[in-house]
Amino acid sequence: MQASDLLKIAKTYGDPVYVYDSEKIISQYQRLTNAFKGVKKLQLNYAAKALSNISILRLMNSLGSGLDTVSIQEVELGLLAGFKPESIIFTPNGVSLEEIEKAAALGVRINIDNLSVLEQFGGKHPNVPVCIRINPHVMAGGNSNISVGHIDSKFGISIHQIPHLLRIVELTKMNINGIHMHTGSDILDIDVFLYASEILFETAKNFKNLDFIDFGSGFKVPYKEGDIETNIEELGKKLSSKFNSFCKEYGKELTLAFEPGKFLVSESGFFLAKVNVVKQTTSTVFASIDSGFNHLIRPMLYGSSHKIINISNPKGRERYYSVVGYICETDTFASNRRINEISEGDILAFHNAGAYCFTMASNYNSRFRPPEVLWHKGEAILIRERETFDDLIKNQVDVKDLFSKKETKKEKATV
Ligand SMILES: *Cc1c(COP(=O)(O)O)cnc(C)c1O
């Protein structure tokens, strides 16, 4: 999609606004599918938490994707979006036994990531097949907040606990149908990933009735020109070949599963915001936008660097700007970034705004969350309306009687 399309959307729907290009989502889905065409049974389960708008979920469903969910609400959202229960997998961390039982009762596949719940669940429901999340203790790059395979991680069952795990399975007579790992976001080094996969294969040999092996996700996508990204095609070739040999040895054609979030939706998304003020200080030129970390928190939370384009003046001469928000705390999207000359009222487009952007938005400072627009076949389709004041107060209980002068007098009178 063109910058002029984005400008038109900002004009029609106001700003700030999120825009998603369906064509990019579809091409990323196909790219990943093609990279693993050497595997007979491939299943992609889109990680709903990256971007969970119901219309995006419907698009994923139409592509043949399954759904990876981390809360019972995401499970329910997936069912509402038309996913069959069996194409949803529930992969939570540290949730209650009750929440897992609820998901199992809805017929979705269950992934358990600790021995305590495994033992309890297996004891009560030995006939419900369960996938187990393994921690291979491999650190596959990225920001320390998002690498979840290492030794101190809270995610998964340690490979060093396999003997205990096997004891639980034997005693409860439960059925393990899948082995899973998710080493965290931003896989830069394919060899590290392949190394972790070997550990997974070794673990898998302990279980006789597997249907699938799930390699999680964490594919890195480029954030700017020349950025490193996971070489999906190379990973596809190498992992497919390892997987096929494993299946031969195991004696059964298993399904190879992934749960990509960022890879499928990150680059499809744009966040559009207007510049309210251009402020020159003694050291810096600030461009203050009509938004803040209430709408896009990744730069502050993870230090992620989103490319920013001035779509109102794409040919203007480049100058250095610090792009900041309106929140009454340090709220910096970019420091001293070269951007085409900015005037007040210009619209800036933040790239890579598809994954973990809207889904992390909040009402901080009592602001409305922005609308979402899907760009599909050359048409802009509103898929979420901007919030209104009613949304802000909808669930608040106003106890005005408690503090009214009248009430105080009445109480006094009864004493
Ligand atoms: C968040 C998450 C994913 C998706 O990770 P991306 O880096 O967005 O691809 C996959 N699996 C699990 C279990 C997750 O928690």
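Counting starts with 1 at the first residue shown.
Glycine too: its Cβ is placed from the backbone N, Cα and C atoms.
TrEMBL annotations: computationally assigned, not manually curated.
All chains included, 9 other C-beta atoms sit within 10 angstroms of the C-beta of CYS328 (active site, proton donor). Annotated active site, proton donor per TrEMBL: CYS328, in sequence order.
According to DSSP, GLY218 (pyridoxal 5'-phosphate binding site) sits in a coil region rather than a helix or strand. Here TrEMBL flags GLY218, TYR356 as pyridoxal 5'-phosphate binding site.
Annotated substrate binding site per TrEMBL: ARG298, TYR302, GLU329, TYR356, in sequence order.
Residues or ranges marked as domain 'Orn/DAP/Arg decarboxylase 2 C-terminal' by TrEMBL: 18-354.
Averaged over the domain 'Orn/DAP/Arg decarboxylase 2 N-terminal' (24-266), the predicted model reaches a pLDDT of 92. Annotated domain 'Orn/DAP/Arg decarboxylase 2 N-terminal' per TrEMBL: 24-266, in sequence order.
Positions annotated as N6-(pyridoxal phosphate)lysine by TrEMBL: LYS49. Taken residue by residue with DSSP, LYS49 (N6-(pyridoxal phosphate)lysine) is part of a helix. In sequence order, THR69, VAL70, GLU74, GLY261, TYR356, THR359 are the residues of the chain that are 6 or more apart from LYS49 (N6-(pyridoxal phosphate)lysine) and have a CB within less than 8 Å of its CB.
Ranking the binding-site residues TYR302, TYR356 by the number of CB atoms within 10 A of their own CB puts TYR356 at the top.
Residue pairs drawn from ARG298, TYR302, GLU329, TYR356, the listed substrate binders, are separated by up to 21 Å at the Cα level. Summarising the environment of GLY218 (pyridoxal 5'-phosphate binding site), the number of other Cβ atoms within 10 Å of its Cβ, over all protein chains shown, is 28.
Counting only residues at least six positions away in the same chain, the Cβ atoms of SER304, HIS306, TYR356, CYS357, MET360 sit under 8 Å from the Cβ of ARG298 (substrate binding site).
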